[in-house]
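Report on one structure; see the data block that follows.
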Amino acid sequence: MSKRRYGVQEDNIITEYSDNNFTKKDSIRRFSLQLESSINKKESNKNIMQAIINAYIIHILFHIEFRSNLGLAFIYFAIIEGICLIIMFINLIKIISKHKHEYFNIRNTIDSLAILIGITIFIIEFILPYTYTYTIFKLGSIYRFIPLLVFKFKNKTIKQGQRRFSLLPFRTNSERLVNILRSLRTLDFITNDTTIDSQLEWGIRVICNQTLYSFEVISENKEQDELINWALSIRPSANHISQRISENSIVNLEGEIPIEIRQSLKYVDKLRFDIFELKKASENNELATICSFLLSKYDIFKAEGFNKDKFTSFIRIIQAGYYQNPYHNSTHAADVTQAYHVYIEDFNIKNLFNLNTFDISCCLISSSIHDFQHPGLNNAFLMNSSHDLAILYNDLSVLENHHVAASFSIIKDKNNNFFENLSCDLYRKYRSKIISIVLATDFSKHFKEISKLKLICKELNTENDKEFMLKILMHAADVSNSTRKWKLYYDWAQLVLEEFFSQGDREKDLGLSISPLCDRNTVNFAKSQIGFIDLFIIPMFSILKDVFPKFGKALKNAQINKDKLSKMNEEENEGKSVQDDLVVSSD
Ligand SMILES: [Zn+2]
């Protein structure tokens, strides 16, 4: 079966060592010991070389001053000078053999010539100590200053270089990391090992190009291809994509139905909560109801100084601004808000990350607005059809940018500005946090964010990683349907597919290529849902469960749902029509 790769990586260098090299504990220990001793050795070699050069310099000065009076003692000084020169010569040969022809720039060539001429003069003087002519004596004395000058010049250049860089007003962690990796690459045993050296080179490139979270997904079959294309908003290849969809084609949901309801909120803290029950009881007022209820429950109005009346006005406008799409409607927003509340309260995120009322209100408000004015069409469609929103946001997280921007434009109206009592600073903090949380619902970031989660979850820092976790949990809440009980999940899954298919129908009408998962004639319900749970839900919730065990409930539901879908798929394949039975027999 052919495998296809998606996403971008720096290159195809294997990023993990093979089993017999470095994954075994003793190998890693050996590697680190080797590294440590090599660093120590290199450091002591550097110190010895420095001492030798210093000795040589002192010797030259002493030699020039007292040479004519030395007599036979000259022989001892000659030996010291000879040893210094030999060591410098050996060091030179070592450097040249390591760097080969790359070593010979002008400065290094003068440096090596100086040492070689120094050796020549020394040999002549040593062989003919009593017969040297006055000229050679003078030449030798003057010449000894040349290596000294070369050395001083090199030192000055290095210091100037360092000064130039230190003029930068900042130093980043990535710069420090790259410096560490670069100095590792100069170690002899690493230079000699091309595998490790290329790994380090790759690491440096990843940091410099800021591609730390670039990823690669390999699909194994057609269904996975389609799911990945959908998740990454990969646009179907099309011959003509210049059709423009007018803003007016998006139908506005009109009217608000104010209602007071509490009874159906009985299981509001639990994953088994049924949003459709609240929708019925509140007469389609589920989003405004659940938001006001949760904000009061966490005492946010009082603690954060929100104007309650203006919030009510705001959330009603938000609710009314959700279009009547099969899936991306105010019920979905209410459902996601409740899911996030479950994570905060029942799954213990509040205590683990010391969430305060500011954090909690950001999460709940973000959840409630996260699909505001969703047109029931995905980013790929908006981009392909050159929709006004795609133009406005330069094809970058088009819908997500719109949801948050349109919501803030409602807050701008003084009648809805529930933030009015907040200081400018605090308002800016709210705005920035809500924007970042809503933008995290862009599904095309899924693989990147999950790979980051996988990386940091082993040493999670509840303070530093809080912001990232709040974004990941927003994404998790947004796709939490398949982690609910079967009946709820099944209903949502039908609705989402209905919305996809209506996009597909629209694309067909407009002569556009049909987006992944949107063709009602080819997409199989059970198969596509199994793929979705396998590819996105189980990996994400497995990591979350490892860090926060309470997510085990959600993971278990997803696995049960997947099993039921598999059974459904098998039965479909056997030609039985059991769909209705499954709905009825669900818990
Ligand atoms: Zn959503």
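In case you wondered, yes, glycine gets a Cβ from its N, Cα and C as well.
Feature annotations, courtesy of TrEMBL:
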DOMAIN    253-572  domain 'PDEase'
ACT_SITE  H328  active site, proton donor
BINDING   H328, N329, S330, T331, H332, D371, D478, Q529  AMP binding site
BINDING   H332, H370, D371, D478  Zn(2+) 1 binding site
REGION    565-587  region 'Disordered'
COMPBIAS  565-579  compositional bias 'Basic and acidic residues'
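Highlighted in sequence order, H328, A333, V336, S367, H374, T441 have their Cβ within 8 Å of the centre of the Cβ atoms of H332, H370, D371, D478, the residues recorded for Zn(2+) 1, and are not part of that set. The highest number of surrounding Cβ atoms within 10 Å, among the recorded positions H328, H332, H370, is found at H370.
Counting other Cβ atoms within 10 Å of each Cβ, the lowest count among the binding-site residues N329, S330, T331, Q529 belongs to T331.
Taking the Cα atom of each, H328 (active site, proton donor) and D371 (AMP binding site) are about 7 angstrom apart. Checked against ligand 1, the binding-site residues N329, S330, T331, D371, D478 give D371, D478 in sequence order as having a Cβ less than 6 Å away from one of its atoms. Put simply, H370 (Zn(2+) 1 binding site) is 12 Å from T331 (AMP binding site) when counted between their Cα atoms.
Once Cβ contacts within 10 Å are tallied over all protein chains shown, the binding-site residues D371, D478 are led by D371.
Of the recorded residues, Q529 (AMP binding site) and H370 (Zn(2+) 1 binding site) place their C-alpha atoms 23 Å from one another. Taking the C-alpha positions, the distance from D478 (AMP binding site) to H370 (Zn(2+) 1 binding site) comes to 9 Å.
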